[in-house]
Amino acid sequence: MTTVEKSIVADITLAPEGHLKIDWVQAHMPVLNRIREQFEKEQPFKGLKVAISLHLEAKTAYLAKVVKAGGAEVTITGSNPLSTQDDVCAALVEDGITVFAKYNPSPEEYKELLIKALETKPDLIIDDGGDLVSILHSERKDLAVQVRGGAEETTTGILRLKAMEKEGKLEFPMVAVNDAFCKYLFDNRYGTGQSVWDGINRTTNLVVAGKTVVVVGYGWCGKGVAMRAKGLGANVIVTEIDAIKGVEAYMDGFAVMPMLEAAKLGDFFVTVTGNRDVIRGEHYKVMKDGAILSNAGHFDVEVNKPELEAMSSSKRTVRRNIEEYQLTDGRKVYILAEGRLVNLAAGDGHPAEIMDMTFALQAMSLKYVNDEYKKLGKTVVNVPYVLDEQVARFKLESLGTSIDSLTEEQKMYLDSWAEH
Ligand SMILES: NC(=O)c1ccc[n+]([C@@H]2O[C@H](COP(=O)([O-])OP(=O)(O)OC[C@H]3O[C@@H](n4cnc5c(N)ncnc54)[C@H](O)[C@@H]3O)[C@@H](O)[C@H]2O)c1
């Protein structure tokens, strides 16, 4: 690790490659480009400090540059030890952003880097999974006093925030970006659907057609992962704990069964529940020799690794991002990217056009919370519908398409209870 001015990055000489990556995504993020133009004129964050914790790859880097273009002093750190790209970090330092991040830090280093970002005493934060907020509400409450509010990226982070709000512990308003239509309908479904298979395919270099894929959890992400597995020619099984989602998966054409049955059949497993231990000891006992496990949920707790280790006689890395566990009965089970989000830890994350909408929401939500924080109170708030709709309109325009508007007669008809 090297310290460059205020930043801590792995290797500053990697910057040229990082700049190329950021330029590539910027060219594919037209919605965020429009917001950058607005921010450059309006300077909504002038004189403010913003700390960002997100999967630190090129799309995120461009978001950081957009927030800086809005007048902020920006500090950025990762949100997962394996999803930080060192060349992108180096480029951001050259672009005048303070970076505290590197690929694959130890758990202690990872946390130290998050704390360093918070020690800049930010006015606003962008969080992904709730790590920044959690530190600000536990061991480093002293750094929370000046925070006006922030925005949270993902399902798991929002669950954590809502638990804090319920206990009356939340100290500032947080916008639930994940719950906006332009986030989960596209990012969680199409983004995760495509990028999970990109990650699995580039890591394993194995065929998917004809194999059995078990998708654990049929939420917004799970629907995308299952849909794309079907498109690749797999036989797809869905496991769920929610009866409605179970029916939905069945009607979408997938086999639905408990994990204990699915475990016997799967060649590939993808967990995407936001829950812990969804694949565990009892399931490893019945798996086929050579089963490949991966996770797309936020934390690496969905596949229970300690139980697998306890059942194994040895473990070795057989290919970049593939660990082979040799079970004591002779079978082998593989885990991709140490059970961390496979699309980010073993890939480049969602496509740029998807993150264009998500990060446009992030940028607008940050401005919203800064404008309204005094009125919002210490709550988890939704992205206002008007912002959600604006992102969709910008997106349609960038696609060179448009939609119809209601006629006056139609408006009256829809508003009336007497007319039919
Ligand atoms: N990999 C990525 O890029 C990415 C992107 C967005 C969200 N996420 C993360 O993915 C996870 C899922 O997000 P989501 O938006 O799909 O959430 P969601 O709440 O829409 O869906 C989760 C589903 O998992 C099911 N589930 C819970 N426990 C289960 C169990 N034991 N077995 C089977 N099913 C179970 C729930 O009933 C629910 O239907 C979260 O951790 C989220 O933060 C990852």
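Using the three backbone atoms N, Cα and C, a Cβ is placed for every residue, glycine included.
Any TrEMBL annotation is an automated prediction that lacks curation.
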Identity of the substrate-site residue among Asp123, Asp128, Asp242 (reference: Glu153, Lys183, Asp187, source: TrEMBL): Asp128
Among Asp128, Glu153, Lys183, Asp187, the record's substrate binders - longest CA distance, Å: 14
From Asp128, Lys183, Asp187, the binding-site residues whose CA lies within 10 Å of that of His298 (NAD(+) binding site): Asp128
DSSP-derived class (H/G/I helix, E/B strand, else coil) of Lys183 (substrate binding site): helix
Rounded Cα separation (Å) that holds between Asp128 (substrate binding site) and Glu240 (NAD(+) binding site): 25
